[in-house]
Amino acid sequence: MFPPARGKELLSFEDVAMYFTREEWGHLNWGQKDLYRDVMLENYRNMVLLGFQFPKPEMICQLENWDEQWILDLPRTGNRKASGSACPGSEARHKMKKLTPKQKFSEDLESYKISVVMQESAEKLSEKLHKCKEFVDSCRLTFPTSGDEYSRGFLQNLNLIQDQNAQTRWKQGRYDEDGKPFNQRSLLLGHERILTRAKSYECSECGKVIRRKAWFDQHQRIHFLENPFECKVCGQAFRQRSALTVHKQCHLQNKPYRCHDCGKCFRQLAYLVEHKRIHTKEKPYKCSKCEKTFSQNSTLIRHQVIHSGEKRHKCLECGKAFGRHSTLLCHQQIHSKPNTHKCSECGQSFGRNVDLIQHQRIHTKEEFFQCGECGKTFSFKRNLFRHQVIHTGSQPYQCVICGKSFKWHTSFIKHQGTHKGQIST
């Protein structure tokens with residue numbers, strides 16, 4: 001048996017209509033107004049096609065003529081049912097008739113057919129409204145169900161404003177896709193362009209679609225390799241304005257030579273040439289003692305201190321000297337920090353945990369560093385370096401006074417003691 005149906009005469013257009021105040025109407029853009037007009041007219045046409053009999057509402061007459069003044073003159077939502085206004089010349093509403101059992105069955109059958117037609121109509125409406133969630137939050141049909149309850153059987157009221165807070169936020173700026181209100185006019189205008197299907201630009205090279213023309217023009221420079229932004233000082237051209245702005249800082253800081261790889265600027269061309277070797281991996285500076293190569297001359301000079309044995313960096317606390325400043329800084333932590341790291345084997349304390357770990361290798365006999373020539377292992381890396389001199393035969397430690405060379409640093413230090421008291425002529 002088909003579900004009971006509600007009589008067509010009991011359902012009027014006012015049940016599916018929606019009205020606005022003057023203030024609410026002013027907050028809608030043209031795209032939203034057109035959408036509202038299409039939905040109301042389609043609701044009315046569907047009800048007529050489905051056999052609902054009632055006079056043509058004045059609202060539909062005004063919408064067909066697209067006269068905006070109707071929204072300001074028609075009665076408010078709260079008392080619109082009492083008005084019952086209709087277009088001039090329309091017939092009065094049909095009175096209810098008492099149906100016979102046969103007529104009741106016919107009405108039930110027709111109602112079931114109507115529900116199928118309404119479902120198809122609702123799916124078409126849903127396709128039009130799915131992009132405007134904030135404008136139409138609930139737009140679907142309620143179909144007849146079994147039981148004594150009569151379903152409304154048609155498109156429910158457009159829920160433009162769900163609650164009072166939502167209405168306030170709508171007037172201030174409406175919502176984004178996540179349901180959050182826009183708090184900036186620029187974001188709102190960008191959102192409205194989407195709602196009104198603003199014109200988009202498609203790249204003919206890669207097919208990418210870009211909404212704004214400025215972004216589209218900037219994107220096309222990637223394909224055509226255009227550099228329209230030129231520096232007036234040196235003539236160098238750039239693809240983007242932001243890159244030109246960064247480049248201008250080189251001239252303002254009196255650093256006209258800029259590295260194209262990292263953007264760093266230099267005062268002299270020689271500095272730029274030396275810097276570029278970092279990117280090209282070029283190492284033209286070679287140590288004459290160990291043949292190790294370097295990309296910068298300053299790095300070579302720091303390296304040569306190892307061979308000369310010179311220790312210019314001296315600790316003011318204990319007088320110990322070091323060849324590198326970084327080594328001195330590590331040493332000074334011994335004086336500035338308490339020796340909180342204590343060896344459990346011998347009780348010796350250290351200021352750094354890394355020193356304690358190295359010290360513990362003496363007790364554990366662990367040997368992590370292996371010689372590639374003979375396979376011998378060592379607990380400390382410095383011991384491995386001293387051992388490798390045996391295989392290479394190099395004598396990296398040279399006396400600057402007599403020119404004699406030594407394999408071991410300890411031998412070099414002992415030799416320098418023989419020159420004490422000598423005065424250079």
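Just so you know, glycine gets a Cβ as well, placed from its N, Cα and C.
From a predicted model like this one, the values you see are computed outputs, not experimental measurements.
Residues or ranges marked as domain 'KRAB' in Swiss-Prot: 11-82.
The feature zinc finger is assigned by Swiss-Prot to 201-223 (among others), with sequence analysis given as support.
Averaged across the zinc finger (229-251), the predicted model reaches a pLDDT of 76. Look at Swiss-Prot and you will find 229-251 (among others) tagged as zinc finger.
For 257-279 (among others), the entry in Swiss-Prot reads zinc finger, with the evidence type sequence analysis. Among residues of the same chain six or more beyond the zinc finger (257-279), those with a C-beta under 8 A of the stretch's C-beta atoms are 236, 246-247, 249-250, 295-297.
Taking DSSP states H, G and I as helix and E and B as strand, the zinc finger (285-307) has 11 helix, 4 strand, 8 coil. Feature annotation from Swiss-Prot assigns zinc finger to 285-307 (among others).
Look at Swiss-Prot and you will find 313-335 (among others) tagged as zinc finger. Note on the zinc finger (313-335): residues 302, 305-306, 350-352 of its chain, located 6 or more positions outside it, place their CB under 8 angstroms from a CB of the stretch.
Under 8 Å from some Cβ of the zinc finger (341-363) lie the Cβ atoms of residues 330, 333-334, 379-380, all in the same chain and six or more residues away from its ends. Annotation source Swiss-Prot lists zinc finger at 341-363 (among others).
Residue counts for the zinc finger (369-391) under DSSP, helix first, then strand, then coil, are 11 helix, 4 strand, 8 coil. According to Swiss-Prot, the zinc finger annotation covers 369-391 (among others), on the basis of sequence analysis.
The feature zinc finger is assigned by Swiss-Prot to 397-419 (among others).
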| Among 229-251, 369-391, 397-419, which stretch has the highest count of C-beta pairs below 8 Å with the zinc finger (285-307)? | 397-419
